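Undergrad: I have a structure here, written as structure tokens, and I will follow up with some questions on it.
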Amino acid sequence: MTSLDLELARERSHHDACRAALARMTEDVAEQVVTGEDTAASGADAEALGRHLRSRAKEMREQPPGPLFFGRLDLDDGRTHHIGRRRIGEDPAAPPLVVDWRAPVSRAYYQAGPRDPQGVLRRRRFGWAPYSQGASEDLTALEDEQLTAGGQATVSALLAGEIERPRVGPMRDIAATIQPEQDDLVRSEPAASLCVQGAPGTGKTAVGLHRAAYLLYTHPQRVRRSGLLVLGPHRAFLSYISEVLPSLGETGVRQATLDDEIARHPVRAEDTDTAARIKHDARMAGVLRRALYGRVDPAPTEDLAVPDGSYHWRLPAGQLAAIVADVRQEAPPYATGRERVRARIVRALQLRAERRWGPMGAAWARRIERARALTAFLDACWPKVTPEEVLAGLLTDPDDGALDAAERAAIRWARPPRSYRSARWTAADLVLLDELAGLIERPEGYGHVVVDEAQDLSPMECRAIARRTEFGSLTVLGDLAQGTTPWAARDWHEQLAHLGKAGAPVVPLTLGYRVPAAIVELANRLLPQLGVDVPAGRSVRRDGEVTVRRAPELLAGTRQAVREALAAEGSVGVITTDTLAGPVADALRGCGAGERVTVLPATVVKGLEFDHVVVVEPAAIVAAEARGPNRLYVALTRAVSRLTLVHAADLPEWLGGVPRVGPGA
Ligand SMILES: Nc1ncnc2c1ncn2[C@@H]1O[C@H](COP(=O)(O)OP(=O)(O)OP(=O)(O)O)[C@@H](O)[C@H]1O
């Protein structure tokens, strides 16, 4: 037996011990639930304890299968820690068998290096068979790095293997291989907001999800109670990332699109491009505020007379106007404002009554508060409204000086509905309704929100997020170069101001783990055309291939390219325009494409990745929309190993010098 075999055998038996301890922990918790149910303590305590134990038992039962540790630290004080996705230890007072990757002692696993060993003598990485369900014999490799002074920084073969592995199925967690610059972001100050400008494949999404898991671990009370939300650009993306947090043991996190979050109604109409652009513009915040407060009468002309038995208590119009003006000045949410005006009027009437009749009790005040005359005054002066009613009013007659005549015409309803209740709302209308709802009543917030692909949000969408994180913090992830919406941000500081976190630091990530250097280099040639100032991407990967195939018969050329792509392992993504996606999918039917091949319009590939990407007719992707070059940049950077460009039309200049195949190459 070699010394490596011996070490592997020792580690496997440690893994056996961990497995047994975990089984006992799961049993113990299940047993405690039974005990908890029997507890004869006060009802509320027993209920709370029972709930806690039940959710802990559920958590333990639902742990995903897999290896129980991925690394080990040997420290200079003689201690050793195995590091895994969650803590394993039966006795809270004894050192655990496995330390959670988020624990403070685990930090050195990610950060220590020969120049700064941080008390670590040796870092050990474990290699497990691919897709291991956690059987100890699946532990097949280990790699030691000595960090004592004078040690050399080494490139980990296990890390390289993990980064270069073929991609099948949904995104996986990277707890075993988080890189130092990523770890800094994952563990950065939880109460502070943060923006990551990351070139394609630098791990922004991975960082955001691991940060979410880290916050739940370090601030269980605060973050769990106030809620954590992960916002992604579309459903396909959410399903692609859906397993990362559960694999890290976090099952209760809401993952949604912003559209889901703000959906008060189904989308039943479509805006013209111009109307959508206006509705998403930051000026709409003021337009909506004015439309809402336009309903308030700042100068009531009639005195208020509230009957009280045979008597009437009066407030002169001037005093009513002063109350309304004061409340407007204080700027509470609209619905609170109405109640505040009511309360102030009652108080003023009470002072008058007391001057005449002496102290009036609470019952008197309640009666006056509900007096019909007072409610009628409020209905006229500060009416109850719904967001739908206000927006319908605005879209029927958009008379606001912030919009010019053409803009007003563009958003005006061609045929207003009979009532706002039967209005057919567009996607942009829902954003505006959310803004109005937020002006009327403050929405419930989250403790922390992770926003992915944040460059694509409009100012009005940003405000929807800002309202929900007024008292919470944000992790903003994105890449200005990948901005494809008509309103995509060109500057993070502006975008952060719309998100309510002006001044949050913007941290760049430039080292990519997905896209190989040859493909990054090609995509970087597009950068000067994208109209944004971002640092160019780099790659840790030296493998990777780019092929350009000229194909006078576009569909035949695509079939050929896909056949060639299928010769290698892994997924194949065929990306083209919305118009070509159908014909391309038809053409690929029956050419052995099968499950490994997905045909997608470029408009939905954001955030995804495929081992081999075939981009069909790049020039058409560029021409299809105003941000076409950005769209092509996104498409090119979905490739994990290989990229083929298939084209019938001429290629843009910047592709000069790339090897070509096919007729006329
Ligand atoms: N430290 C790491 N170890 C292993 N794999 C990593 C690491 N960091 C990132 N990756 C992998 O690189 C790929 C890209 O990561 P991710 O999707 O998070 O990047 P991104 O910056 O959001 O990309 P994009 O903006 O292009 O969508 C993923 O497969 C991810 O698992």
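In case you wondered, yes, glycine gets a Cβ from its N, Cα and C as well.
All TrEMBL annotations are machine predictions without curation.
The domain 'UvrD-like helicase ATP-binding' feature in TrEMBL is assigned to 177-516. What TrEMBL records for G198, A199, P200, G201, T202, G203, K204, T205 is ATP binding site.
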Undergrad: Under 6 Å from ligand 1 by C-beta, which of these binding-site residues make it: A199, G201, T202? Sequence order, please.
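TA: Only G201, T202 meet the Cβ criterion.
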Undergrad: Look up K204 (ATP binding site) in the DSSP assignment and report helix, strand or coil.
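TA: K204 (ATP binding site) sits in a helix per DSSP.
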Undergrad: By a 10 A CB contact count over all chains shown, which of the binding-site residues listed here is most packed: T202, T205?
TA: T202
Undergrad: Relative to the mean position of the Cβ atoms of G198, A199, P200, G201, T202, G203, K204, T205, the recorded ATP site, which additional same-chain residues have Cβ within 8 Å?
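TA: Surrounding the site, in chain order, are D479, L509, G512, Y513, R514, G537.
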Undergrad: Just to confirm my parser: what is the rounded mean pLDDT across the domain 'UvrD-like helicase ATP-binding' (177-516)?
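TA: PLDDT averaged over the stretch: 94.
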Undergrad: Tell me the coarse DSSP state (helix, strand, coil) of A199 (ATP binding site).
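TA: It is coil.
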Undergrad: Would you find the one among the binding-site residues G198, G203 whose Cβ has the most company, meaning other Cβ atoms within 10 Å?
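TA: That would be G198, with the highest Cβ count within 10 Å.
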Undergrad: Pick the one among the binding-site residues P200, G201 whose Cβ has the fewest other Cβ atoms within 10 Å in this structure.
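TA: Each of the binding-site residues P200, G201 was scored by Cβ atoms within 10 Å; lowest is P200.
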